[in-house]
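Novice: Sharing the feature lines straight out of TrEMBL:
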- 107: active site, nucleophile (ACT_SITE)
- 111: active site, proton donor (ACT_SITE)
- 23-221: domain 'GH16' (DOMAIN)
- 115: N-linked glycosylation site (CARBOHYD)
- 1-22: signal peptide (SIGNAL)
């Protein structure tokens, strides 16, 4: 009986631990309806397969956007996106995180810049920390992102922020607070996406204008995935070193990821603010500190 009682107590403790962990960390959203809300032009967003996928529409009247119903502090966010096919010049499809705190905002951006037919799609990433941005990097994708869905991911932990295209890291921003460089860590962020017209800058610096005869433009999203500490939520979640995204595996790129990252920067990067002497005669401090 004593052994049975001990086993029962151990099982109860384990169950309690699992329950507490489950309440602390938000798992994968099941559908758009459950975890997101339309923030802009609801008649330009159509749900597919009972909210498991959505279609965003841009026409002369409006673009559109949606956002998560909750904010999160650290974790991983990903979506599968199929971008606008054909002539998409002047359009921007965005997937980003934002603290929604105006002048002191933190923000992590994926922006997909439309192209003329036959030209590569450009992805711009940017990072705002404590209100300071202007950290743009651009790469040309090595595949057609309008032909099929691809996974775009933001991993955010205390050590660094990593942007992934499928399983390829395309941007790493390290925590260099010890050197006086701001790093997003105090403000929770929501998850956002928009489709809009920006032909004053999006394609070749605004030289290529949107061709409205090709409208409406469509982008598709599915497999929404958010794993992080919800806010409001347990106050100790974000500082818990047991969160999987804070584990040793996620503290730095693996050797394979590092090789892929180097390959992207050598072969597909077309702009890096760190090397733009016209904008920054003196390199920004995070560029000197290293990525």
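The chain as shown is numbered from 1 upward.
Placed from the backbone N, Cα and C atoms, the Cβ positions cover glycine too.
Here the structure is a predicted model, which means the values were calculated and not measured.
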Novice: Let me know the model's mean pLDDT on the domain 'GH16' (23-221).
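Specialist: Here the predicted model's pLDDT, averaged over the domain 'GH16' (23-221), is 93.
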Novice: Using a Cβ cut-off under 8 Å and a sequence separation of 6 or more, which residues in the same chain sit near the residue listed as 'active site, proton donor'?
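Specialist: In sequence order, the residues whose Cβ lies under 8 Å from that of the residue listed as 'active site, proton donor' (at least 6 apart) are 92, 93, 94, 96, 123, 124, 125, 126.
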Novice: If I take the alpha carbons of residue 107 (active site, nucleophile) and residue 115 (N-linked glycosylation site), what is the distance between them in whole Å?
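Specialist: For residue 107 (active site, nucleophile) versus residue 115 (N-linked glycosylation site), the Cα atoms are 25 Å apart.
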Novice: Tell me which of the recorded positions 107, 115 sits in the most Cβ-dense spot, judged by other Cβ atoms within 10 Å.
Specialist: 115
